[in-house]
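A short write-up of the structure that comes next.
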Amino acid sequence: FNITGLLMTSPHPHPAKPSHFTAPFALTIKSPLSAPLGSSISLHCLASLPNIQPSSPPVVPRVKWTVVSGGVETQILVARDERVKVNDAYRDRAGMLNYTSSPEDLSLWLGDLRSSDSGYYRCEMQHGLEDASDIVQLKVKGVVFHYRDAVGRYTFSFQQAHRACQAIGAEIATVDQLLAAYEDGYEQCDAGWLADQSVRYPSLLPRKACFGDMDGQPGVRNYGTMDPNDLYDVYCYAEHMNGEVFHDPVPQQLSFAEAQSYCRAAGAELATTAQLYLAWGEGLDRCSPGWLSDGSVRYPIVTPRERCGGPQAGVKTLYRFSNRTGFPEPTSLHDVYCFKSKLCSKIVINK
């Protein structure tokens, strides 16, 4: 027997049964598949079973889906006959929706996608003494981050929150996106607007001033739907970056105006906050606070160390005041993070 398949994203929580499969379930995929944070995906896999002679005893195939991420292989589910056993870590967000009605359809549905779901997925079937399998790479894209105005804490109305995210190259985050970030360990003890006009914040370690509405339990606190004129911070979401954030290995000491000139001289511009978060998500790690286009000073840490912002990974922010508000004075001296778009790079090459 053999396995053929097709992988595709689906905006629906329960994708329809595929009508046919014509593409081979290739051993190698030239470019990884991608899906947005908080969305769902259907990994379609179809098995062609051999014809069984009437006199032969029936052989029930065994199906297994696993994922390899960070060098560790994790079992997602195992199916045999009409029974599908899902790993507790994937309960309520993984399944084989068509398997019981169509045993040749081995498609895996995975919902509430998190960044940690990025990896190599294997569809495997054992049928008697034979087996077949294949692998495809999935990349979950997008990052959620908290954003505060330069003036201080809790200064955005709902409309101002939308505009603030847009101004730094992002959009206001959805509830699903914030929940997905929380499930991967994101915590921020600051109430912020979301796209549905609710105000929430993610808390892993409930503590004084961070209890919210969950009776001391970890989770995403929900203030509910708020008056659009009320003032809070905002949670933004960024997914695409058509270019590259770069940082000079030799630390610079520049004012905000000098940082702008520095990037222009390099055929680039000051990176936005969203671009720095995306670069951090792709592995940028620099223990050097630098200017960004909104006048903030931040630096990305992938590998935490005590002298670089403490024990947590993330994009660190340099505030003017001890209560974690205010951007640095424009005349203060810091490093710089620049961004060069792919279009600009092509123009330079063509010259």
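Heads up, the Cβ atoms here are built off N, Cα and C, so glycines get one too.
Whatever TrEMBL says is automated annotation, not expert-curated.
TrEMBL records a disulfide bond between Cys287 and Cys308, which is the match among Cys263, Cys308.
When the candidates Cys165, Cys210 are compared with TrEMBL, only one is recorded as disulfide-bonded to Cys189, and it is Cys210.
The two recorded residues Cys287 (disulfide bond) and Cys189 (disulfide bond) have their Cα atoms spaced 24 Å from each other. You'll find the Cα of Cys189 (disulfide bond) roughly 21 Å from the Cα of Cys308 (disulfide bond). Within 10 Å of the C-beta atom of Cys210 (disulfide bond) sit 16 other C-beta atoms, taking all shown protein chains into account.
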